[in-house]
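Trainee: There's a structure below that I have some questions on.
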Amino acid sequence: MGRVSTSHQPLRKVPAPADSGARVLQLPRMGRWALDVAFVWKAVLTLGLVLLYYCFSIGITFYNKWLTKSFHFPLFMTMLHLAVIFLFSALSRALVQCSSHRARVVLSWADYLRRVAPTALATALDVGLSNWSFLYVTVSLYTMTKSSAVLFILIFSLIFKLEELRAALVLVVLLIAGGLFMFTYKSTQFNVEGFALVLGASFIGGIRWTLTQMLLQKAELGLQNPIDTMFHLQPLMFLGLFPLFAVFEGLHLSTSEKIFRFQDTGLLLRVLGSLFLGGILAFGLGFSEFLLVSRTSSLTLSIAGIFKEVCTLLLAAHLLGDQISLLNWLGFALCLSGISLHVALKALHSRGDGGPKALKGLSSSPDLELLLRSSQREEGDNEEEEYFVAQGQQ
């Protein structure tokens, strides 16, 4: 038998195919192309969510002004909106519960009345007075004055020690206060009663969002999800607003031919349809904010809110004929600079901490941003939130 050689033959280099170099070069190109597509898709998605938020936010502002011109019962309008929001919140909770097979949080009466009631009352007064002011003020004056809510939020944050006193925050307060003064100084369409209502709403709004932050920081309550929070707030908000409605609008509404003493069924249906539309816009505003924050960040919502104020004033001047002088525009720019500075400080503070942690400061957007920011940190509810976001994209 022949002897088998165990020595290894030297390996020969096999020439690479002619097109291998092209394939190697194609991978980075395809990777860059994929990154470009992902970037463009995220930019388009963000733009679409911002536009959706603008539609609801700006839409409900002009809707309230339009409706109060012919329907002079803003408190009744607000109460009906609260009922619609509660209905849609309950429906959303039921959908999430059916999908996840997990029970939603339901507070005990003791926690509900002791911890939720103060926030609900402040929220009801904020929303009620804001809608009431549309009987007297223009959209531009309302928008500018409501922007001062950041001023009161910062003040109450300092009082409740939710925010540390810094020189930059003092500058923010001075810029917003100075801008508000310049915008209202010698305004040709200034109304004292309406301005007092909006300013009172902004003041109560500062209390509202401070109490909201304190409520959301109580993890044992389980109200970090915004839908659960809205579901629990609406009934107490309705009850809190009812005494004001009974005193100022109850008798007049009971004798009005538009609702209880109607003679034209078609007119009644149109009025109720218009009121129901406002409730849908109010819920859609919170829903669009949730989508925007969950898919981007709370900073995106804050920045979008700044440009939203500019769009609102431009539309008010163009569509409604609001008279805005150069001094008013300068005051508005000064106020926006203060809000922008506050947003930038929040972003730098968050980046310096290495990312978002526990809620420290309050939002510069006086809407539902606090609720939405907290919902992102809710542990174990990621599947439910993804389902809820998916429902909004269908």
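Every residue gets a Cβ built from N, Cα and C, even glycine.
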Trainee: For the annotation transmembrane segment in TrEMBL, which listed range does it cover: 121-140, 141-160?
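Mentor: When 121-140, 141-160 are checked in TrEMBL, transmembrane segment belongs to 141-160.
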Trainee: Answer with yes or no whether the transmembrane segment (141-160) touches the transmembrane segment (197-216) by the criterion of at least three Cβ pairs under 8 A, sequence separation 6 or more.
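Mentor: Yes, these stretches are in contact.
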Trainee: With an 8 Å cut-off on Cβ pairs and a sequence gap of 6 or more, do the transmembrane segment (267-287) and the transmembrane segment (39-63) reach 3 or more such pairs?
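Mentor: The transmembrane segment (39-63) and the transmembrane segment (267-287): touching, yes.
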Trainee: Against which stretches of its own chain does the transmembrane segment (167-185) lie, if we need a Cβ under 8 Å and a gap of at least six residues from its ends?
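Mentor: Long-range Cβ neighbours of the transmembrane segment (167-185): 141, 144-145, 147-148, 150-151, 154-155, 158, 195, 327-328, 330-339, 341-342, 345.
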